[in-house]
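Enquirer: A single structure is presented below for examination.
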Amino acid sequence: MSFAVNKNEKIRVTIEDLTHDGAGVAKVEGYPLFIQGTLPGETVDIHVLKTLKKYGFAKLLNIVEPSSSRVTPPCHVFPTCGGCQLQHLSYESQLIQKRKSVRDVMDRIAKLPDVPVHEVKGMDDPWRYRNKSQIPFDTENDRVITGFYKARTHHIVDTDVCLIQTKEADELMTMLKYKLQQLGIETYDEHTHKGMLRHLIVRKARQTGQVMVVLVTRHRKFPQKDAVVELIQQQLPNVTSIMQNVNTANTNVIMGNEMITLYGADVIIDRIGDTEFEISARSFYQINPVQTEVLYQQALDYANLTGNETVVDAYCGIGTISLFLAKQAKEVYGVEIVPQAIEDAKRNAELNNITNTRFEAGPAEEIIPKWYAQGKQFDVLVVDPPRKGCDEKLLETILTYKPKKIVYVSCNPGTLARDLRILEDGGYRTKEVQPVDMFPHSSHVECVAWLELTYVAQQ
Ligand code: SAH
């Protein structure tokens, strides 16, 4: 089969667009080529690596004419590391690009060209925002390396610094990297399933400054633990919790089931707004605390509560949105599939003396119809599903019982657009979409959409 370009060809192209995962797109006689590291408007020389039926991949050789939005990435392992995709694009342009990608799916998938997609709410300081780092270790040529996995591989790109994680995480990973051999602690080897230290996890509660460190080991027996605890305390006196997690399995799941407290408390406490949360080593918690407040405030604004409403928070995790809403609602019902997260949600409600929340563990698509069948009525439904979007059965339930207002929090604009189309066909109108930048320098974008029931569709 012949294409407009051939494998191994070296050609000059103009970049027309950027994909959702941050690759530049050039078209040669209509045939799209994806080229990482390039930006719209740029003229570049490329080397064609692979040609498939409908599109191909090429490697950037040389930038002939750079985009005016191009910046020098401050991180020395970008783009090899794979953690960030857009560091070569100015932050201002990243936000423009993310809005454009949301606009695009609203037009193409949701078929809602008239729905307002607002400017992305970005960060004033878009660095060092991650409150949790999971850092693997390995040994190469007798030297310990640490950093992050190269995109789509399990090969660590060695670094001492990651500009999107906390300084505490940088300090601890570097300190351990240079001390492990001296301490006689071997790094874990995924291929042979030998060695000891698998991962270092560092979590920081932004509002209180408390830091939790988790050392994931292959054995429970950890003879050097006292020495490690002492080193961590010397390095960072604000560490309030040091935990050992035992993961004996031959798996790439990071944590195992057994937790041992080596020092301090087994939780750290953080605040979102004025609500406090206890976070244990394995609880889910939004990773950008600054933007989480922006996101939740947006959901609250769209919910526009007066104090008389009964609200559902579907896919509620540890109840963060539920507790945020509870202060302005009559009652909030949270549902989440992970039972441990529901335990956390209940404890966090107690911790904040919030008494108007009810939490139940199970699939949202089964629990919500059950609540309706019991005769409960809901005024506002908040959903915050994983990347695959709302379950079909949940959408059917919504269209059967028709709550007046829906606030849809989404980490995947594509599935959001798909679900909005279904809800629109069932009688809802999408009023607005507000994108929020939770992950600067990555290609991800979070959205909050506000829907109102406008008419009851004829069956
Ligand atoms: N709203 C929370 C969590 C959102 S992440 C927050 O802001 O922190 C999405 C959550 O949906 C995860 O906690 C996941 O465990 C949960 N989940 C996935 N499938 C589910 C289902 N079918 N029913 C209920 N919860 C589900």
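Cβ atoms here come from the backbone N, Cα and C positions, even for glycine.
These came from TrEMBL, pasted as-is:
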- 4-62: domain 'TRAM' (DOMAIN)
- Gln286, Tyr315, Glu336, Asp384: S-adenosyl-L-methionine binding site (BINDING)
- Cys411: active site, nucleophile (ACT_SITE)
- Cys411: active site (ACT_SITE)
Enquirer: Where the distance is taken from Cα to Cα, which of the binding-site residues Gln286, Tyr315, Asp384 turns out closest to Cys411 (active site, nucleophile)?
Expert: Asp384
Enquirer: Taking the residues Gln286, Tyr315, Glu336, Asp384 listed for S-adenosyl-L-methionine, what is the greatest CA to CA distance in Å, to the nearest whole number?
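Expert: Roughly 15 Å, rounded to the nearest whole number.
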Enquirer: Among Tyr315, Glu336, Asp384, Cys411, please name the recorded positions whose Cβ is nearer than 6 Å to ligand 1.
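Expert: Near ligand 1, sequence order: Tyr315, Glu336, Asp384.
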Enquirer: Counting Cβ atoms within 10 Å across all protein chains shown, which of the binding-site residues Glu336, Asp384 comes out on top?
Expert: Glu336
Enquirer: Have a look around the residue listed as 'active site, nucleophile' and count the other CB atoms within 10 A of its CB, chains all included.
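Expert: I count 17 other Cβ atoms within 10 Å of it.
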Enquirer: Using DSSP and three states only, what is Tyr315 (S-adenosyl-L-methionine binding site)?
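Expert: DSSP call for Tyr315 (S-adenosyl-L-methionine binding site): coil, neither helix nor strand.
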Enquirer: Does anything in the same chain, at least 6 positions from Gln286 (S-adenosyl-L-methionine binding site), have a Cβ under 8 Å from its Cβ, and if so what?
Expert: Thr292, Leu295, Thr320, Met438
Enquirer: Quick one: give me the count of other CB atoms within 10 A of the CB of Tyr315 (S-adenosyl-L-methionine binding site).
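Expert: Total other Cβ atoms inside 10 Å, all chains included: 20.
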Enquirer: What mean pLDDT does the predicted model reach across the domain 'TRAM' (4-62)?
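Expert: Averaging the confidence scores along the domain 'TRAM' (4-62) gives 94.
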Enquirer: Around the S-adenosyl-L-methionine site recorded as Gln286, Tyr315, Glu336, Asp384, what other same-chain residues have a C-beta within 8 angstroms of the site's C-beta center?
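Expert: Filtered neighbour residues, in order: Phe284, Asp313, Cys316, Gly317, Thr320, Ile321, Pro385, Val409.
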